[in-house]
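To keep things clear, I will list the structure first and then write my remarks on it.
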Amino acid sequence: MSGQVRVAIVGAGGRMGRTLIEAAYNHDHILLGAAIERAGSSLVGVDAGELAGVGKLKVMIMDSLDYATDDFDVLIDFTAPDASIVHLDWCVRHKKAMVIGTTGFNHAQKEQINAFAEQTPVVMAPNMSVGVNLMWKLLELAAEVMGDYTDIEIIEGHHRHKKDAPSGTALKMGEVIAKTLGRDLEKCAVYGREGITGERDRETIGFATIRAGDLVGEHTAMFADIGERLEITHKASSRMTFANGAMRAAHWLVEQKPGLYDMQQVLGLH
């Protein structure tokens, strides 16, 4: 699409929300139409641009999407699973597209998202950076070549405030590898080890999680054999990489038919 796409950002007052506002401001083809915070927030009525440090945008923080129905085309949501489901329901009822960067959905919630996406265009991705989405393609290749004879471990680290573990990105890494090898991640995943665990089963995929300080996001997949190992690593140094990906997804999504899409499709990697 060559024209501007109007976006609304929910959770505008959080760390990611403020970064999304800044990314929208800096994008040539995105216009910030609305910024939403929870009811009762002290930020309601504050200029979204001043909140994000980019100057006045004349878009005031509101406490309900109902006040912004005519102000945007695509909703961008990096909040929490329960809230994202509520927001997606609203988007379906008001014929709005939605970009979901939230992680930590349970199986039932994923089924709800699939059903809602039959009625409105949705991009959902655990990680919207270009580098991570390229990494998933590299993981497919590594799994094809080395997966059958190596021990596979996934290590991820995030800041102390992240609430879900392992991260959605780490789980997606495991899913990509397991699918390539014809395995079921739910059956072969091992989440942390403690005590006398016995020898490692080569059919498993191990996960280790770090939560510390202000780590933005670090992910490594290790394919370890006797005498050598391959490590594929992505490190994010700023949330802006995820925010820019979300803007790219919103700009792409506005012309799509109802359906559930991912960043691989947005980036043309499928």
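FYI, residue positions are counted from 1 along the chain as it appears here.
Just so you know, glycine gets a Cβ as well, placed from its N, Cα and C.
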Subject >> Residue in E37, E111, E140, E144 which Swiss-Prot records at the NAD(+) site where G11, A12, G13, G14, R15, M16, G101, T102, T103, A125, P126, N127, M128 also bind >> reply: E37
**OP:** Rank the binding-site residues G11, G13, G168 by the number of other Cβ atoms within 10 Å of each Cβ, and give the residue at the low end.
**Re:** G168
**OP:** Round to a whole number and give the Cα-to-Cα distance in Å for the pair T102 (NAD(+) binding site) and G168 ((S)-2,3,4,5-tetrahydrodipicolinate binding site).
**Re:** 9
Original post:
Between R15 (NAD(+) binding site) and H158 (active site, proton donor/acceptor), how far is it from one CA atom to the other, in Å?
Top reply: 14
Subject >> Top Cα neighbour of G13 (NAD(+) binding site) in the set of recorded positions R38, H158, K162 >> reply: R38
Subject >> Farthest-apart CA atoms of G11, A12, G13, G14, R15, M16, E37, G101, T102, T103, A125, P126, N127, M128, residues recorded for NAD(+), distance in Å >> reply: 23
